[in-house]
Structure formats: C-alpha cells, structure tokens
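Undergrad: Below are the structure tokens for one structure; questions will follow.
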Amino acid sequence: MNQDVTPAKVLQGTLKLPADKSISHRSAMFASLHEGTSTINNFSTAADPHSTLDCMRRLGVAIRELGDNTIEVEGVGRDGLETPSDDLDCGNSGTTMRLLSGIIAGSGVPARLTGDESLSARTMKRIIDPLSEMGANIDARKDDYAPLAISRNGPIAPLHFPLPIASAQLKSCVLLAGLFGDEETEVIETLPSRDHTERLLNLPIQKENGKKIITSSRSDEIPEQSYRIPNDFSAAAFWLVAGAIHPEAEITLPKVGMNPTRTGALDILKKMGASVTVSNTGSEGAEPVADLSVSSSALQPITITEDIVPNCIDEIPILAVAMLFADGVSRISGAEELRHKETDRLTAMADMLTKAGADFTEYEDGLEIHGDPQFSPQPSTFSSYDDHRIAMSAAVLGLMAENTCRVTEAECTAISYPTFWEDLRTLTN
Ligand code: S3P
C-alpha cells in the first residue's frame with residue numbers, strides 16, 4: 001500500500017503513542033519465565049511484540065488478552081516451557097529472534113526459529129557464537145542466518161562475555177541463556193545500550209573502570225511483570241522532529257518512556273535547539289516516564305559519534321531528517337550498525353535524501369548532511385524499503401514538501417506503530 005502525504009500547514013494535537021516495543025517483548029518473555037501470573041497493562045498493539053506473544057504461546061504459555069491492551073500471562077517458570085510442535089515464527093522482529101534464542105538455548109527445549117524475508121537476511125552470527133560457547137547446538141542457514149534450529153545436550157556453561165558490539169539484543173540474549181546456568185554468566189558492557197532486560201529482571205550489576213558488568217544465573221529470581229508499559233520513546237521521536245522542524249507546530253505526547261539509555265535523541269534535539277519540554281515525570285514499574293511537548297524551533301547542526309549511537313540507534317533516520325533543516329553541516333559517524341537493521345538504513349536514508357534533493361554524503365558508517373532551515377524537499381515517491389522507521393521518517397519529511405509526496409509499502413509502520421497514519425491525520429486536521 002502506498003500512502004500519500006500532503007504538506008501540512010499546521011501540526012497540532014495530543015497523541016496516545018503505542019506502548020514501548022522493547023519493553024513489551026521483554027515483559028511477555030519474562031512474565032512467561034516467572035512462576036505465577038503477571039498482568040501487563042498497555043501492552044503494545046504492534047506486530048513485533050505480537051510475534052513474541054505467538055512464540056511464547058507455542059512454548060506452552062497461556063496468555064490471555066483481556067481487552068484495553070491488557071494481557072495476563074500465566075508464567076510457567078524457567079523449567080516449564082514445552083517443546084513446540086511447530087516453528088517459532090519471529091516475523092520481522094530481531095528482538096524476538098535474538099532474545100528468544102537465549103531462552104531456547106538456556107531452557108534446552110529444542111525449537112526452530114524462523115523469520116520473514118528481512119529477518120532471514122539479518123546476521124545471527126553475533127548470537128550464534130556466544131550461545132554455542134555456552135553449549136547450544138545451533139543449525140543455521142549458511143552458518144549465520146535464520147531459520148535457527150536450537151538444541152542442547154549438556155548443561156549450560158557460564159560465559160565471561162565482553163560485548164563485541166554495543167547491542168542490547170546481544171546482551172539480553174546471553175544474559176537470558178545465563179539465567180539457566182548453575183554458575184554465573186557475566187556480560188561486560190563498555191558503551192551503554194538499552195538496559196530494560198537488567199532493569200526488569202533486577203539482575204546484579206557492578207560498575208568498574210567505566211564498564212558495566214551484568215551477571216545472571218539460576219539463582220536470580222525472575223520477578224513478576226505486573227506494571228503499565230510506558231509509551232514508546234522511539235515513536236515519540238518522529239513527532240519530536242516533526243514538531244521541531246515544522247514552522248507551525250505544537251505537539252504533546254503523554255506518558256512517554258524516559259529510560260536514559262533510550263533518550264539520546266532527546267538530548268541531541270535539545271542540543272540542536274529544539275523546544276521540547278518534559279513534565280509530569282514519574283515511573284511505571286522499573287521504568288521512568290514523562291509527558292513531552294514540542295514546538296517549532298530553529299535548529300543548529302550537530303555531530304553524532306559512535307559513543308552515543310547505541311542510545312539513539314533507532315532514531316538516527318528521523319534525526320537525519322532533523323539535520324536537513326539545521327543551519328549548517330551535521331555529521332553522523334560510528335553508525336555502521338544501521339546497515340544491519342530491518343533494511344540497510346544508511347542506504348535507505350541516502351536514497352530518501354537523494355530524492356528529496358538534499359546536499360549530503362554517505363559514508364560506510366554514517367552521513368554528512370548540509371542543512372538549511374529553508375530546505376524544501378522535492379515532492380517524491382519515497383521508498384520505505386518495507387522498513388517501519390524509514391516509512392515514518394519519509395512521512396515526516398513529506399510534511400515539509402510543497403506538494404504531495406508518496407511513501408511505498410506504508411503498512412509496514414504496523415511493525416512498531418499501528419496508528420501512525422491516523423496520528424498524522426490527527427495532527428494535520
Ligand atoms: C532493541 C535493540 C536494538 C534496537 C532494536 C530493539 C531491543 O537493536 O535497534 O530496535 O529491544 O533490545 P540492537 O541490539 O541490534 O542494537
């Protein structure tokens with residue numbers, strides 16, 4: 001499905017954003033491993049977290065949807081998972097595949113994990129290597145790609161694992177496998193990535209010489225997961241940028257997750273001069289939340305370097321859109337990981353910027369963008385590459401054009417943000 005985006009005179013309104021995708025996945029997985037019932041409010045309606053629910057059900061976990069985005073999970077405990085009679089279909093979701101692989105390897109329940117075309121083209125080597133060291137047998141396509149058939153003969157071996165890539169999925173995968181071991185698995189993190197796993201599982205953490213050491217073993221109790229999930233900061237980021245770059249904007253986003261390992265894009269936008277206010281700060285379970293409001297702003301250029309990339313990894317495409325409207329040259333570096341997402345997001349952004357008529361250079365690890373506060377994107381058909389975050393970035397860019405733009409395969413926004421196009425209409429009507 002193509003979606004047309006007409007230029008907006010005004011962007012105004014208050015939006016109920018979708019629930020956080022990363023926390024939704026984890027809440028369902030951890031509630032399944034807890035011994036007892038958890039009631040999770042504001043569970044995401046997006047496709048990816050529902051892939052996780054389907055997989056947990058196939059592993060024998062009873063999950064009821066009670067209405068109003070509340071789910072009740074009858075946790076079976078870490079030794080209660082059942083051998084699935086069919087493949088575990090992770091759909092488009094890298095988080096489902098990588099985290100669940102850790103649980104499957106740890107539990108010893110044999111299973112085969114599959115994914116859609118995009119997920120089957122994303123390397124799984126990063127998780128196959130440590131899980132194999134821990135004692136899992138993993139049969140992958142061409143060694144590195146899904147489908148992954150995972151089984152285990154002996155007990156799970158502990159692992160001392162300095163993270164070779166700043167990835168929360170990799171960190172979580174190893175820690176989840178470690179939960180099934182008698183001895184402690186240690187993950188050593190140098191650059192901070194999102195910390196929902198260690199927060200929600202309340203795992204032991206030590207800080208040493210600027211490094212974070214997180215441990216997991218069978219002796220860690222898996223807590224009940226009854227809380228309200230915050231709204232997704234990554235969804236908020238599209239409107240924070242739209243509100244900042246548009247000349248007539250006032251947007252309010254209530255109860256957004258404000259975990260400091262997720263809000264790098266907010267810090268970046270504030271440094272660029274975006275008028276964002278944070279109010280009603282509080283918490284939902286183990287996670288901080290706040291209301292955000294944004295209004296039209298004069299943006300300055302910015303440099304994003306490798307150290308802050310994990311903190312804004314999913315927001316880089318929309319930050320690139322913000323950079324187009326800044327008064328000068330912005331640079332993104334150390335972001336090679338973007339080439340391994342639902343699509344190669346640096347190539348996809350370069351294509352979008354070319355079509356928009358932007359002045360930019362693509363590098364192996366990022367982009368340099370020559371911004372102009374008066375920039376007017378050429379009305380174009382932007383390819384989403386069937387990637388939700390590329391589609392939403394293109395839509396925000398299209399709002400700033402003088403004529404109608406088109407976004408291809410626009411339905412892919414449902415992966416993380418099913419009401420995106422409705423919300424866009426709410427703001428523009
Ligand atoms: C996620 C981690 C990030 C992020 C993804 C969600 C998670 O991936 O891009 O959208 O929930 O752990 P990486 O761990 O590959 O950086």
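Glycine too: its Cβ is placed from the backbone N, Cα and C atoms.
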Undergrad: Per TrEMBL, which of D143, D314, D365 sits in the 3-phosphoshikimate site along with K21, S22, R26, S167, Q169, K341?
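TA: For 3-phosphoshikimate, TrEMBL names K21, S22, R26, S167, Q169, K341; of D143, D314, D365, the listed one is D314.
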Undergrad: What count of other C-beta atoms do you get within 10 angstroms of the C-beta of K21 (phosphoenolpyruvate binding site), across all chains shown?
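TA: Its Cβ shell of radius 10 Å holds 25 other Cβ atoms.
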Undergrad: Of the recorded positions S22, D314, R345, which ones put their CB under 6 Å from ligand 1?
TA: S22, D314
Undergrad: How many Å lie between the Cα of S22 (3-phosphoshikimate binding site) and the Cα of R122 (phosphoenolpyruvate binding site)?
TA: 18
Undergrad: Specify the nearest of the recorded positions R122, Q169, D314, R345, R389 to R26 (3-phosphoshikimate binding site), where nearness means the distance between Cα atoms.
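TA: Closest by Cα distance to R26 (3-phosphoshikimate binding site) among the recorded positions R122, Q169, D314, R345, R389: Q169.
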Undergrad: When the pLDDT values for the domain 'Enolpyruvate transferase' (6-424) are averaged, what is the result?
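TA: Averaging the confidence scores along the domain 'Enolpyruvate transferase' (6-424) gives 98.
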Undergrad: How many whole Å apart are the CA atoms of R389 (phosphoenolpyruvate binding site) and D314 (active site, proton acceptor)?
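TA: Pair distance, Cα basis, whole Å: 8 Å.
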Undergrad: For the C-alpha pair, I'd like the distance in angstrom between G94 (phosphoenolpyruvate binding site) and K341 (3-phosphoshikimate binding site), rounded off.
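TA: Each residue's Cα considered, G94 (phosphoenolpyruvate binding site) and K341 (3-phosphoshikimate binding site) end up 8 Å apart.
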